[in-house]
């Protein structure tokens, strides 16, 4: 547009320059100008621009708009009125430009229409519709319920964020937003629809309504709406208790006493229901509760002590229930339970009580004085409280031997009775005591008490120790005295009797060295013990020990009782026979080289055990030395004549030889003296100062200098360590040994060029000495650093109007290695481009233009080179460079200089209007936006807008101009606020402008009404008339106008009162009747509300408490019409004791309810009085016993003349008292034992007469006598009777002292008093004198003792015990062994019955012994044979005889042993898992756990086939071993075929010490081809080890047995035959041998083995792999025919040969001839045998004879019975294979047995060996049919 106007002007000028008075034209178009509606008034929104072609002056004007004004000169269009898009979004008007006509003839005006578009701004707050919101909500409404769904908000603006509405709490209802939630249903920037949802439950009792605000915001503008939620009461609250729920009353309170009034009401205040009360828990039914009034009264007499916990209050449970539809309804919403606490005050109605009536304890006579009686467990308890529970304890019986503790206690006490004097069992009166303990109250009247008896039985103890008549004397004895030399004999006496006395004393000698002396245990004679070398150790030796201080002990009870020990000193006489001996052979000491004495002192010491020796010392070597020795003490010192001590050689040692002699014997020792060097020279450096140079680029570790110091000392004192003390600054380090100083870190000449280092040299002496030196290090500079700009990027500003030559900036750079900055040369970096940015922030890319703008001088000064043009560039970035001209090589650094071309500021900012008027409602929250204020500047942006001076109420965002509140503004404090705005532009120099702002504060209802007090208290008389004024409440409101007007109302129970809404006067409501007895106080709330509209209304409330005052409308009522009480005649008068309490209740309160008591009538005037307040009746004077008094008491209230009253009668009965207890007088109090002869204790024998007295008279003084048994008074027992009236004590039956030697009787003397009786106890002991009429008897007839084996001799095994019922000498028992001493293996103590072992036992040799023991009164065994005969014959079994069985217990004293050291076994390679292999047994002769063994496989060493060395132990082992020693496979053996194992087997004891036995098992894994099968006609239980060994020797192999099982043939088992598998092993290589080779070797030695075959019944020995099965079935007829044909054919062929050779036949004896048929059959079999697996190697010369015999037998009579006799010794053909028949055919042993049938002849001979018979060979069992190769 601007270009268009400009072109038009130029053309017009060119074409019509001659035209005059041309119209002016606009050069810019204002049409469609967009303008924000928030543009401040006064803002220049546009500048009209125009020209006249002729250059005439022009002016501007505007028509058609009152919103804008235009400056006619400048053309500035200024906003004159605020814009409002919501009123008019488009403004249209005309602007005109007018030129002044020079002639003034016409107006040169040009007009142009203009449209201004008003842009929308967020300047309108959201507006609530339907405001205010009111809603009623039941208090039980469910959470999440929508209670208000019509929250509508609109915003006139169409810009801004989506509308948001939230809850805003206020001070009065701060929790409202936690209870209610605003939920958006639809929200845009223009419209909002939401709902109010309940978040938390409501409670009418807590809040009846809520008032809060809803806040709406569009992101900037805010508004609020009022919400009032009224809570509607619902019957959903259970009753509530109020008032006191605790009370207290005395334990003796009468029935009907009011404890307290329980008050409850319905917690629903709007429509409360009636409430009834119910007592749920009532311990012991003590109370009654009135369900309507809530009065809790006593229902029966109280007993505090009857409670489970008398010390704690009593808790009652009360339930309050609402009345629904006329009846109580129990539920969680209609009933409530509360606990009522009642404290029962104690009265003294309980005496102290014992936990038992009787106690019994037993104590020894030796019990120490002051010791409590054991196991008494006496407890006394008084359940009353305070002084009523204080009681004292005392003993009624005045025995001084005991005292009771504590003397007094409170409440409860554990009672202790202590022994007060020593006891003596020998005194018959001190064997039993009966104590009576009394517990009596101390501070009460009357003093209640109780009693308990304690029976104390005293037992005898061995309380007298043996006493020596005199102390043993000191004896001297030569150290060479021979054994048996007597020293001394001393005996002791014991005042006890029997075994506890002198008779039972045993003497012992103990102490160190007592084994060198013997003492006779009975006589006490001490002598020298046997010893092999008298005078030499270990015998008596003065040099070893010269004095023996031994203890000589005498012990009664045969060594088990009391003992007395006296000292015995034995001194040895010495002989000088020992040489001196130095304490140590070598002494070592050290001394400083210049010392004059040893520190500490050096002393040698030699000792001579001879006491007479005098040792002298001397130095015998070396010849010269600087020392001297004291000849007496042995102290070595420096010889003063030698001067200083110095070492004689480099070793710094002097070795002295010191001689010690006693005149006869000599001894020497060595003394090594080390001469210590003294550190007395400090190290010294070669020079005091070192100087060194080092280049700054020297690497770390470069040597700088070497320092050296020397020390004149030697050794460690001369060893030197170097160190840097200071000055190195971690740049240098020193070697502490060599002193070489090296570079430790990088050096920098520019940072530091000189180091002054202080170095120390310290020796290692003590104390160490130090020398110092100084090393000055000069760092030589190396110019190797580039110069640097500081900072690298530098900034400067220059004014846009600065001329050429103007100084802009001085560049700064530094080079740490140069001092002359003139050597730095600055310049523009030509190789880098200058960058430029225009004023809009865009980079300018016109290269080459800006190079001429600035110049950089060599010294770094930057100046303007030519005129600047800020319109082209506002910021320049110059690349600069600095060069070090002094460096040998080029050293440059680049930097950057940023120059800002600053515009010249000419125009100040302008506010939209010079002043502002704003308004704001008071009490807006902090941060509420007041307005946004803006200012504009024609040249530069506005930098900031501030409020100056700062305002306490507002703050401004200095960038946006947004003004917010900083605190709440109270209209009542301030009505308007003024502040000043200042706007700053960003030009240079900075310009400002100001504008004033006035804020008017609008009043709001923000103050709650405030009552004058926090609560109101009022009083009103009960039954007051309606309209009676009760109280006036007043509240004020600080708000103004209707917001400050207050209206009053009541909240709560409003049926009784009303309030004037204007004046606040509270009066009694019409028709209301207030009864104090029904309700004593009323609680309400007074509510004050302001007079604002409902949605803005504010209110507050305070409690209003109305107390109902009483009037006298009730008369007192006694709890009983007649009261009764019984008292004692000695009732206390001073102070008077309370008798009873009369109680009257008046429902009124105060003086109207205060009851005063008065006796208006009594049968004996003046006898009793009544407390007018408490109603307690007291005695006024003494009363008479056995009489009843009557009184009439009146109770009246205190209402003056109108007092009301009631009366009651009181009956008091007086009883007499029993005050004295009986006292025993016969037997006398000091006599507690009565002794009667045993033979006189017949039935009805009068023992004694009991007498007692009582100071009471009448029945109270009449005494009856009883025996106390089990706490019961009885007249007689099984043994005794006691006359109740006379007190005569008699026996009822014969008494035997041996059964019961004495009887303890408890005698009770009881008076007949009433109502209380007194009882006194006394203990009598009836003792029966003894007669010798019993023999000893064992308590058991047999004893079994156990003793461990291996114990040393004299070990006690056990004790036998026999008892003689007699006492004293008649009751002594002696023990004898009748039989079974076992050659002195045992000894029996004659008096003690102790059995001891005299030998050490071995259980494995003998485990049991037996003895017979006899007990008698005779210490000498008599008639032992008669006793044994009576036992053996069974004619008499004496009870004094007992048998002893002594078992020897096992100890683990035998180590386990395997039966063999090496086992051999084989296993098939086809073996399954857990297949048994071998039983490996270890034996331990110990028993049970001691003999239990644990088997383990320690190693399984594998030897591969053909290997001689093991491949190692296989883990895990392929074998397992069970705990009974059975070795089994653990894995399949197929992978180890042809291999072998050597297993290390361990058998370990289970019991400590867990000894082990070890063995090895060789196991070969083989197949069937390696097995040899041997069949023996013996059972498998028979041993075959003999034949196995012989066969192994013959086969030159080791035969390893394998499977061994009964023979099974043709499915039949033969238990008497056994099949054994073997395999052969080379005994050297342990390789498995071929079966054929082994059998060949065995067969070759048949003659050597035939006797073994016969002995062990070997039937077959073949290879197991050659087994073949016989036919299962055959035709007998066909077989017989075939056999016959074969025999005939063979006979014919061989007949001639046989006959020809007949003369050479070896003729058998006649008994050996057989039939021709037999011979033929044998021949046939032998021929068949020639083809077996084990061929017969026959001698050639014997073959014809055998054939001849066979031929003869074949043709013999087959049916003839042949009698066979034993064969001769010749057995030429013993190895012929075949069947069993050897027994009957002599040399042909295998053909014996019954005559074979043809079938047997043909089929029955198969095998490998023959068994020759012998006369001793048993007949074998029948041979299994078809026995052959298996």
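Every residue gets a Cβ built from N, Cα and C, even glycine.
Because the structure is a prediction, the values reported are computed rather than measured.
According to TrEMBL, the compositional bias 'Pro residues' annotation covers 1812-1824.
The domain 'Cadherin' annotation in TrEMBL covers 27-128 (among others).
Residues or ranges marked as domain 'Cadherin' in TrEMBL: 249-354 (among others). Across the domain 'Cadherin' (249-354), DSSP classifies residues as 6 helix, 50 strand, 50 coil.
What TrEMBL records for 355-468 (among others) is domain 'Cadherin'.
Sequence annotations record features per position, and here TrEMBL assigns domain 'Cadherin' to 469-582 (among others).
Summarising the annotation, TrEMBL assigns domain 'Cadherin' to 583-685 (among others). Note on the domain 'Cadherin' (583-685): DSSP counts are 3 helix, 46 strand, 54 coil.
The feature domain 'Cadherin' is assigned by TrEMBL to 790-911 (among others). Confidence over the domain 'Cadherin' (790-911), given as mean pLDDT on the 0 to 100 scale, stands at 86.
Residue counts for the domain 'Cadherin' (912-1011) under DSSP, helix first, then strand, then coil, are 0 helix, 50 strand, 50 coil. Residues or ranges marked as domain 'Cadherin' by TrEMBL: 912-1011 (among others).
The annotation domain 'Cadherin' is assigned in TrEMBL to 1012-1118 (among others).
Annotation source TrEMBL lists domain 'Cadherin' at 1119-1224 (among others).
The feature domain 'Cadherin' is assigned by TrEMBL to 1228-1338 (among others).
What TrEMBL records for 1339-1458 (among others) is domain 'Cadherin'.
For 1459-1567 (among others), the entry in TrEMBL reads domain 'Cadherin'.
According to TrEMBL, the feature region 'Disordered' maps to 1791-1830.
Residues annotated as signal peptide in TrEMBL: 1-20.
Marked as transmembrane segment by TrEMBL: 1677-1702.
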Annotated stretches the domain 'Cadherin' (1339-1458) and the domain 'Cadherin' (469-582) touching (3 or more Cβ pairs under 8 Å): yes
Ranked first among 249-354, 355-468, 469-582 for CB pairs under 8 angstroms with the domain 'Cadherin' (1228-1338): 355-468
When counting Cβ pairs under 8 Å to the domain 'Cadherin' (1012-1118), the leader among 27-128, 249-354, 355-468, 790-911: 249-354
Cβ pairs under 8 Å between the domain 'Cadherin' (1119-1224) and the domain 'Cadherin' (355-468), at least three: yes
Criterion met for the domain 'Cadherin' (912-1011) and the domain 'Cadherin' (27-128) (at least three Cβ pairs under 8 Å): yes
Structural state census, the domain 'Cadherin' (469-582) (DSSP three-state): 13 helix, 44 strand, 57 coil
